[in-house]
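Reviewing the structure listed below.
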Amino acid sequence: MNFLRGVMGGQSAGPQHTEAETIQKLCDRVASSTLLDDRRNAVRALKSLSKKYRLEVGIQAMEHLIHVLQTDRSDSEIIAYALDTLYNIISNDEEEELEENSTRQSEDLGSQFTEIFIKQPENVTLLLSLLEEFDFHVRWPGVRLLTSLLKQLGPPVQQIILVSPMGVSRLMDLLADSREIIRNDGVLLLQALTRSNGAIQKIVAFENAFERLLDIITEEGNSDGGIVVEDCLILLQNLLKTNNSNQNFFKEGSYIQRMKPWFEVGEENSGWSAQKVTNLHLMLQLVRVLVSPTNPPGATSSCQKAMFQCGLLQQLCTILMATGIPADILTETINTVSEVIRGCQVNQDYFASVNAPSNPPRPAIVVLLMSMVNERQPFVLRCAVLYCFQCFLYKNEKGQGEIVATLLPSTIDATGNSVSAGQLLCGGLFSTDSLSNWCAAVALAHALQGNATQKEQLLRVQLATSIGNPPVSLLQQCTNILSQGSKIQTRVGLLMLLCTWLSNCPIAVTHFLHNSANVPFLTGQIAENLGEEEQLVQGLCALLLGISIYFNDNSLENYTKEKLKQLIEKRIGKENFIEKLGFISKHELYSRASQKPQPNFPSPEYMIFDHEFTKLVKELEGVITKAIYKSSEEDKKEEEVKKTLEQHDNIVTHYKNMIREQDLQLEELKQQVSTLKCQNEQLQTAVTQQASQIQQHKDQYNLLKVQLGKDNHHQGSHGDGAQVNGIQPEEISRLREEIEELKSQQALLQGQLAEKDSLIENLKSSQASGMSEQASATCPPRDPEQVAELKQELTALKSQLCSQSLEITRLQTENCELLQRAETLAKSVPVEGESEHVSAAKTTDVEGRLSALLQETKELKNEIKALSEERTAIQKQLDSSNSTIAILQTEKDKLDLEVTDSKKEQDDLLVLLADQDQKILSLKSKLKDLGHPVEEEDESGDQEDDDDEIDDGDKDQDI
């Protein structure tokens, strides 16, 4: 407290002493009065004094005010006065002091009083509990006080809230408050709470903050809303920026789709309010947070795809091509579109198809390039267009080819009715504006980045300099302008273009060296002792000459690697050359450009280096330095080693391709096996259905048998009078004929059964022979399992067939028994001595029963015939199943042979790869002995790839 009293020590003592006594008396009343009204009035008086006499009230009353919060929670009025007083003490928002240093002193007071307040973490917990009160006069001052604490000392207050039970959840309830002022101040509170604290950001996000904030933005009118929309957008940025977990949660929650209505602008775009411009600017920044190049590539790619699928990219392109858009919004929209399409092939293809609403329509890329090479356009807009063009070409070989194609003679519009991207780049490259030269050179370099094919294609470009003079190549024209001594920005841009063009392209190096004036110009530039401004150009010239040495294929006799190194040693000196080469990476603007891809410069004179070029310098600086110090013998040995390694790589690639082909063949064979299994299952299903049908016929036959037995019983009991009228012998003879027919059918069925038995014996013998052959053959581990499955299926089919045969035999036996009973009935002798009347009655009854018996016998014959036909159909299906099994056995034998051959080929490949690895190790050891560095990571990566392929081969053999 003594320290706090010393802050205001320079003030006069008279009136302040009186006020200090008043404050002391009020504090005594708050502490000692037993009446609630007295305490309330005292706290209200302290509140009125707290703004003007902040220091005195803070020193004397803070403890008493905290005690009031603890003991008088039942009275909302005194709680509200106490919270307002504490807010006035801690907050720096409202000041009435007029001294010069009042602002600095008030900030110190606020942080010091905040430190005193949070020294006891229970005070913050008490404040959080007060926020649960629904009373407006308690909740709103509590929100303001907690916000002020977070602004003064954010990290310690955040930590206290984080460890407090349900602390963050209580604050999230503020967003659902129906009173707008509390809800809006709750948004400000969450802004301060989530600033630079990833743990709290995650908790807030999982407390459904995204849903609530987006609802508020929609209710307020999206971009047409007021400052509440701005506050919500700032809070969303706090939650998403550099927080990969929340970004993934935002994408998977389908919240990206809800951003599309933000960018729906009408046809009338004039007269935008300042708040709308601010809101839309923050919305665009929020989109960029989700697709920032600094995010993990996988997360960025998924967000880019989601933005295309929901139409957000299309909406941004509409703003891009609209008229009447404010300049800063247009610039930020270009930057946003740039990062949405960067490295995403689908988005890049869509952007290439966008046309500007002009007559005739022009591609959006052409319209943007026209702005980039126009020196009257704002500098930030030109930088944004360059960034957009770079992002369009990033990892986009198709787009690179389309841009380079517009420079080739076959694609140039002879009528001159339309302007192509290539023509605009050439126009900017040879313009009198140095910034246009730099932008066009960097843009063209990005069209060649990592694309050897387009580097060779660009060598075909011919330029007509003037009427009557022959055309010159683009490469030659660049070197001509370089030698004319133009502005530094122009020369730096051309040198970056040439370095990108010649790197990893020996053909371009040959074309460059073919002009005899280029090498003397470079050596002359490097050898001179110039000022600091020219040192950067000297470093770039040294880099270009080093690239011409490192990527030289020695096709030009006068400019081989050895002769160029001798020239450097003679005219420049190796140490001097390496020193000049090091000027590039030591430059201040080089380190600034290497930090992020976006070309963001405060003014045009800082626009020197490109981000992708800094990566190229980092890659080539070391290898060029080593190449300069190498002798000719080392170069020859290195070339031999490179050739050997290339041959080895070709061999390994060839065998890898062979192994891949064999893997594909094995996969096809596996698919065939699975198809045959499916067919076998279908056959089993058919057999099951047939078995069920046989069971049905068997049941019907049993029913007929029972009925026939009853009829025979009645016929035996009444057969005594059959002979009286002479009818019984005729009927018996007819029955015997029917029985003979049944016997013939039985014989036919027995013959078919014998054929089936012989077929089963043949199948058993073939199965035994197949098992012996399979036992002697060497098959992959999985083939015996497949064969065993097929055998089990065959055994099941045979068992079903045997059961069906037994059932047919049983039916035949029962049929024979019925025939024997019929014959017994036919042989029975009638009894004499009955009267004619009784005989006539019995004869009539027997005739009726006999006719019924004949009818039943006829139906039985029909059923037996149907069973015979059904059995024949089953026999045919079984024959087809046997043929299918034979085909499967044949296919399996073929698979055995093919897998055996594949195993032998893979064994040969493994032996060959082992020999090649041994050769590589010996070559590496020789290289190390010669002092040549060996890239361990690449080689280990290749070895891992080889090991992976060998492991895959072993797995296939296991299959």
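Glycine residues also receive a Cβ, built from the backbone N, Cα and C atoms like all the rest.
Since the structure is predicted, the reported quantities are computational estimates derived from the model, not experimental observations.
Swiss-Prot has this to say about the protein:
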- 638-930: coiled coil (COILED)
- Ser50: phosphoserine (MOD_RES)
- Lys202: N6-acetyllysine (MOD_RES)
- Ser940: phosphoserine (MOD_RES)
- 1-637: region 'Globular head' (REGION)
- 925-959: region 'Disordered' (REGION)
- 20-60: repeat 'ARM 1' (REPEAT)
- 61-121: repeat 'ARM 2' (REPEAT)
- 123-163: repeat 'ARM 3' (REPEAT)
- 166-207: repeat 'ARM 4' (REPEAT)
- 208-253: repeat 'ARM 5' (REPEAT)
- 255-310: repeat 'ARM 6' (REPEAT)
- 311-354: repeat 'ARM 7' (REPEAT)
- 363-408: repeat 'ARM 8' (REPEAT)
- 420-459: repeat 'ARM 9' (REPEAT)
- 473-513: repeat 'ARM 10' (REPEAT)
- 518-571: repeat 'ARM 11' (REPEAT)
- 573-630: repeat 'ARM 12' (REPEAT)
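Panel annotation: around the repeat 'ARM 10' (473-513), residues 407, 426, 429-430, 434-435, 437-442, 444-445, 448-449, 452, 455-456, 458-459, 461-463, 465, 519, 521, 533-534, 536-537, 540-541, 543-544, 547-548, 551-553, 555-556, 559, 604-605, 607-610, 612-613, 616, 620 of the same chain, lying at least six beyond its termini, place a Cβ under 8 Å from a Cβ of the stretch. Most Cβ pairs under 8 Å with the repeat 'ARM 6' (255-310) belong to 573-630, among the candidate stretches 363-408, 420-459, 573-630. Outside the repeat 'ARM 9' (420-459), and at least 6 residues removed from its termini, the chain residues within Cβ reach (under 8 Å) are 363, 365-366, 369-370, 372-375, 379, 382, 386, 389-390, 393-394, 397, 400-401, 403-408, 411-413, 473-475, 477-478, 481, 486-487, 489-490, 492-494, 496-497, 500-501, 504-505, 507-508, 511, 599, 604, 607, 610, 612-613.
Reduced to three states, the DSSP call for Ser50 (phosphoserine) is helix.
Remote same-chain residues near the repeat 'ARM 4' (166-207) are listed as 125, 128, 131-132, 136, 139-140, 143-144, 146-147, 150-151, 154-155, 158, 160, 213, 216, 228, 231-232, 234-235, 238-239, 242-243, 245-246, 249-250 (criterion: CB distance under 8 Å, separation of at least six residues from the stretch ends). Regional average pLDDT for the repeat 'ARM 10' (473-513) in the model is 93.
DSSP assigns the residue listed as 'N6-acetyllysine' to a helix.
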